[in-house]
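J.: This is the structure I have questions about; it appears just below.
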Amino acid sequence: MRALGRLCTDQGAPNIEVLEKLFKAIDENEDGYLSRTELKALVVGIRLEEINLHENDAIEKLMKDFDTSHDHRVEKSEFIAGVTKWLTEARGSEAPSPEAGPDTMKYLDDLHEQTRREHHFLGDQRDENVESVENPRSTAIKAVLLLLLGTVIAAVFADPLVDAVNNFSSATSIPSFFISFIALPLATNSSEAVSAIIFASRKKLRSASLTFSELYGAVTMNNLLCLSVFLALVYIRGLTWDFSSEVLVILIVCVVVGVFASVRSTFPLWTSLLAFLLYPFSLVLVYVLDYKFGWS
């Protein structure tokens, strides 16, 4: 609109001269820095309100991206580096149009439209009010007490549960391994699976966050905390160690999922299929190690 020129050269590199002109156009008081008030003009020009992003939130995110020196203002070099980062991300966005190229701004429109579609699928987030905790101290104490209560219940019913599994295994001639690693996990984790599906089906940002939080909590409790307590009891009481294969499988799954989640920020449908396949893989590996190689 200001006829400043294209942000990228014909080779696809950022056009530094045009970026400097843009910086000068936004810098109204010509002090060589961009304040929050001056950045507001850039936010309005990007039309972030079309994806339901509040203006003040947009300025905060922009300052976080651009203000690398953390002095609450944006220098020319920081501005150029920030816009360059944006352009790089835009060129790397998915599904660009056929006519989009390094010498045109069309791919920026493609990124904008793609972002609008993603926010549309998530729904309008403005109706989701985040509830604040009125008394964090009492809430934390209540959470600790509930954890202690759960520990006591688990300690009281642990022996009867093991006896019930052994008796059921003997009565039905089903190996206790299959009851412990197939029937019990499905029964104990069914409620978490159902609630996760219900939350995810709402397709809201907050409900999706709650789903991931519940899954992270289950992983922490089932794999890390329970395994640590179990290993501590084995070490302190000097118990016989017969669970090398089970622990090895848990470690393998945790490492595979952890590494996979560390290198990706989006998870298409095929990633869920990979996660599901880890379960039968774990059963087969434990069975082979215990009954074929005699680990048990």
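Cβ coordinates come from backbone N, Cα and C, glycine included.
The domain 'EF-hand' annotation in TrEMBL covers 14-49, 54-89. Under the heading transmembrane segment, TrEMBL lists 140-158, 178-200, 212-237, 243-263, 270-289.
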J.: Among 140-158, 178-200, 212-237, 243-263, which stretch has the highest count of C-beta pairs below 8 Å with the transmembrane segment (270-289)?
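T.: The stretch I would name here is 243-263.
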J.: Given the transmembrane segment (178-200), which of the listed stretches 140-158, 212-237, 243-263 has the most Cβ pairs that are under 8 Å apart from it?
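T.: Ranked by Cβ pairs under 8 Å, first place goes to 212-237.
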J.: Per DSSP, how many helix, strand and coil residues does the domain 'EF-hand' (14-49) have?
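T.: So the counts come to 24 helix, 3 strand, 9 coil.
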